[in-house]
Amino acid sequence: MQGEKVQFSSPELKSNWTTKSNSKMTMNLRSSNKILAQAAIILFFFWVVALILLTRPLLNSPQSEVSSDVLQRLSKAVSELESLKVRNQELQWILTNFSHEAQSGKIKEGVVERLRSTLEDKIRTPINFDGLEKKSSGPSKEYEVRRRAIYRGIQEIWYFVQQELVKLKTKGHDQSAPEIANLIQEIMNSGKEHEIILLNDLQELSNMEGHDAWRSTESHALSDLVQRRLHFLQNPVDCSKARKLICNLNKSCGYGCQIHHAAYCFITAYATKRTLILNSKKWRYHRGGWEKVFLPLSDTCTDPSGLDRSNWPGTNETQVIELPIVDMLSPRPPFLPLAIPRDLSERMIRLHGDPQVWWIGQFMKYLLRYQPETQKMLDQAKEKMKFESPVVGVHVRRTDKVGTEAAFHSIDEYMLYVADFFDKLEMREKVKVRRVYLASDDPSVLPEAKKKYPEYEFLGDVSIAKGAAVATRYTDSSLRGILVDIHMLAHSDHLVCTFSSQVCRLAYEIMQTLHPDASSKFKSLDDIYYYGGQGPHQQVAMYSHKAHRSGEISIEVGDVLGIAGNHWDGYSKGTNERTKQSGLYPSFKAVDKYNIIDFPLYSEVAVAA
């Protein structure tokens, strides 16, 4: 209602409401611009028709008649043109005032009808503006899915060609034929340039489509809906009667692992429609608990008590259920990652290239709301190091991971993809500084990178790497360091890392909350994305393939494939669930099969129009 003051339960909701209002104003302005353009076209059309009607008799009359009649008709034509000129000036005045009203944000409902009425009165001709008030529906889901598939397809074909050329180049060296190796290297350089240009052209084409505004608006709207649902869940009217889920933040693992444990608890709370109570007393990373670093998960309900209590799974009537770590969860429910909710799935798949990660990112967005002191610390760190775009975030995980969960990767491997990002960017704009934020748990990596690549500007802090060592991991300084690293990595324009690292995956998840679709803003040197304790990750074959190399498997259209990983050489490894064969298959011939599950609908939270 006009004049009524809107109340917000959190600054974030206020920000989302403001963003949505600005988006609506932008759409109204664009609609008004279309109206202006159509009105101008209508005016021009009437002018041309009048001119034709006035001059046609002159062109069709015999020469003898023209000589006696021409002055009279020309005089009449001039008179009509003068009249049209006056009407044109009146129309311009109307359109100018309407434009000013639109730009000032004073557009009201029914303004299109008012404009139509005014124009009809001035030019005395019916005008049809049907359809102009309709909001842009954006691209179809099929179009968005296919557009992203083409982008990935270009990447995959280059992965394949590049690896095959590397094999040939190696054979050339073995046969003491350096000229062959040099020729292959030239082909690789040229092929890489082709890939960069193709991907750049595809990106430019996407920008020219005019759908970026829809993607931004839809991203904000969908995220806002999920955040309001989470706020509703976490703030029951009566905490004493609310059904609760207890999550103990005591998992014996690193920071990224513990945050993923909390997010798994939150997803379970959402799926069971229970308020999450996070027990973080004596948290290993901060003895003061979660609320010393992040905002509380609830404003109204933090009491873990209830009439009855049970370990997982309990019953629907049990008021308080305590959740174990995901490794000990039994029975395992269907809603664990990488599941997505059915009621939002169509919108998610249309909007995002990896809706499974987008969904997890929304829980991270609510969980990781910083306390003012934490935000101030991060802002100061960002300002001190002069962190600004364009920048590539690089995370080099060493120490306890290497040799157990991950292979060793040299800094040179990471920098290949950093250079690749900047080469692509320079196809579109001038890059003054090739800036890299380098995070690692190995203090020797940053000095090595600065020495090897003086043409790059490296941001980072060796002291953070020292604090990330196993011996000093659970100190206050270590916590500040990991917070800074993840924040900067997530806010980078591109991420180069290893998805075997929880820190890398966490930064990637947070990155999804900062862009409409950041699913392609990464390069992992090892694993594909996964979530610890996740359900099966499956793909479905879109094209058939007959095995013709050692290690390959055959697939038919529609086969379900349990994917184990992408080798980034044109092939993925997995198991054909129809034939039970395990092996390699061309990555481009299969796409993700989404695990779409019935979650609660949260009808109490209205969907924005």
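Even glycines carry a Cβ here, placed using N, Cα and C.
According to TrEMBL, the feature transmembrane segment maps to 35-54.
For C239-C301 (among others), the entry in TrEMBL reads disulfide bond.
Summarised as a single figure, the pLDDT of the domain 'GT23' (241-525) averages 94. Residues or ranges marked as domain 'GT23' in TrEMBL: 241-525.
Per TrEMBL, disulfide bond is recorded for C247-C265 (among others).
Around the Cβ of C253 (disulfide bond), the number of neighbouring Cβ atoms within 10 Å comes to 13. For C253-C257 (among others), the entry in TrEMBL reads disulfide bond.
Proximity of distant same-chain residues to the motif 'SH3-binding' (331-337), defined by a Cβ-Cβ separation under 8 Å and at least 6 residues beyond the stretch ends, is recorded for 264, 267-268, 271, 313, 356, 359-360, 531, 533-535, 595, 597, 599. Per TrEMBL, the feature motif 'SH3-binding' maps to 331-337.
Within 10 Å of the C-beta atom of C504 (disulfide bond) sit 29 other C-beta atoms, taking all shown protein chains into account. Taken from TrEMBL, the feature disulfide bond covers C497-C504 (among others).
The domain 'SH3' feature in TrEMBL is assigned to 534-595.
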Comparing the Cα of C504 (disulfide bond) with the Cα atoms of the disulfide-bonded residues C239, C247, C253, C265, C301, the shortest distance belongs to C253
DSSP helix, strand and coil counts for the domain 'SH3' (534-595)?
3 helix, 29 strand, 30 coil
Given the disulfide-bonded residues C239, C247, C253, C257, find the one whose Cα is closest in space to the Cα of C497 (disulfide bond).
C257
Comparing the Cα of C239 (disulfide bond) with the Cα atoms of the disulfide-bonded residues C247, C253, C257, C265, the shortest distance belongs to C247
C257, C301, C497 as disulfide-bonded residues, winner by CB count within 10 A
C497
In whole Å, how far is C247 (disulfide bond) from C253 (disulfide bond) when you measure between their Cα atoms?
15
Name, in the order they occur in the sequence, the residues of the same chain whose CB lies under 8 A from the CB of C247 (disulfide bond) and which sit 6 or more residues away.
H261, A262, C265, F266, A269, L276, I277, L278, N279, L323
What is the interatomic distance between the Cα atoms of C301 (disulfide bond) and C257 (disulfide bond), given in whole Å?
26
